[in-house]
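Novice: Quick one: this structure, given as structure tokens, is what I'll be asking you about.
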């Protein structure tokens, strides 16, 4: 009996179970997926902050355009959140319902913030390249080509960040809703229904 108990204890002390290894691998993957948008946001932010051009037509800075200022602020917010959420995800801690809801809501919120920044900036760059005759908006990129190229690069990186956040949203959604039990199908078989006859 003691020999059997010792064998059972030796099996327990062998190491982490398959579920623990799987959750550790999932935690590592999620942490890396949270660090990636942080790095990309910083790159997009730096490119946009340095986006300025001066020539014979005048000077143009990113701060002259409201959509680009919004993109800079959104990238900064997303970079900060990505860092904090990566640290929180890396800590081996039991995922409570409140923590799962927090990740889910914040991932959703940041996804929409960065998507809006990319979409608004894309419209501005499109108008800068193509112009709009109906509102007499000239093709600015013909005169400020370097400015437009840097803005386009920053926006392209922003959309890659959006894809990363979409992936994080799927992960946080799965983690949250997998904590709930599946709905139970109710049938009216065996249920007594009272009827009234006149």
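Cβ atoms are placed via backbone N, Cα and C, with glycine included.
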Novice: Which one of 153-171, 172-190 shows up in TrEMBL as transmembrane segment?
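Specialist: Residues 153-171 are the ones TrEMBL records as transmembrane segment.
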Novice: Against which stretches of its own chain does the transmembrane segment (153-171) lie, if we need a Cβ under 8 Å and a gap of at least six residues from its ends?
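Specialist: For the transmembrane segment (153-171), the nonlocal Cβ contacts are 30, 33-34, 36-37, 40-41, 43-45, 47-48, 51, 71, 74-75, 78, 104, 107-108, 110-111, 114-115, 117-118, 121-122, 125.
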Novice: Just give the helix, strand and coil counts over the domain 'Casparian strip membrane protein' (24-163), going by DSSP.
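Specialist: Output for the domain 'Casparian strip membrane protein' (24-163) reads 113 helix, 10 strand, 17 coil.
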